[in-house]
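Here is the structure we will look at, set down as structure tokens.
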């Protein structure tokens, strides 16, 4: 059952860290990793509108997602966005820099689709996202399985990971269909390269070398836009480095904050 407004939970001790999940998921996907980080951070987990236990909003835009997150976040925090969650996190850091101590991107990018006409920007084929949108109406469960398969593609324990993700997703009602379509539109259309370029707080990028949704080559393009940022590409990881390589991912985050966390 969904609650009015945005669902959130907080735990741990230390600097505030808000963690934002990706498309079609909910905060439970991040919980195990968040509990690991809670030894060093005060964690806030949220369910995006129309996902998990949060009701949907009328206009599922990057601006409105950022506003909803800010209304449910500590006054000043480190922000971590996984996949789609990257987009509102970058919007927050750009428009409300006083609310962000740093930005951490995990398996995400400032522009998710490829842009070969203008800049050879590496990304997912926009046609794939269109296929997802069309398939949602015909076979929701099959579409989700396909998406989970892409997230775990190339992993030695891919089937086990898909099983674990499916079980975790089942903890909540399926996402709102309109929210799913709106999220795919954001992935197709959003371009946050400008906010990333002018980011005024420390930035960290963690990518998986085997990721089929966010090519690891996007990391170099992201760093070219923001040379002050820090990049780590994890060998053997795909779209879920916080699950498959949690120790490495946690180490990169805690070390980054220790060096760049600011006051």
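Including glycine, each Cβ sits where the backbone N, Cα and C put it.
Summarising the annotation, TrEMBL assigns active site, nucleophile to 83. The active site annotation in TrEMBL covers 211, 239. According to TrEMBL, the substrate binding site annotation covers 23, 83, 84, 147, 148, 149, 150, 151, 239. If you look up TrEMBL, you'll see 17-245 marked as domain 'AB hydrolase-1'.
Here the features listed in TrEMBL are placed on the structure.
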residue: 23; record: substrate binding site; Cβ within 10 Å: 23
residue: 83; record: active site, nucleophile; Cβ within 10 Å: 27
residue: 84; record: substrate binding site; Cβ within 10 Å: 25
residue: 148; record: substrate binding site; Cβ within 10 Å: 22
residue: 150; record: substrate binding site; Cβ within 10 Å: 17
residue: 211; record: active site; Cβ within 10 Å: 26
residue: 239; record: active site; Cβ within 10 Å: 27
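For the substrate site, whose annotated binding residues are 23, 83, 84, 147, 148, 149, 150, 151, 239, the maximal Cα to Cα separation is 17 Å. Spacing of residue 84 (substrate binding site) relative to residue 239 (active site) is 12 Å (Cα to Cα, whole number). Comparing Cα positions, residue 211 (active site) lies closest to 150 out of the recorded positions 23, 83, 148, 150.
In the three-state DSSP classification, residue 84 (substrate binding site) falls within a helix. Between the C-alpha atoms of residue 150 (substrate binding site) and residue 239 (active site), the distance comes to 8 Å.
Classification of residue 150 (substrate binding site) by DSSP places it within a helix.
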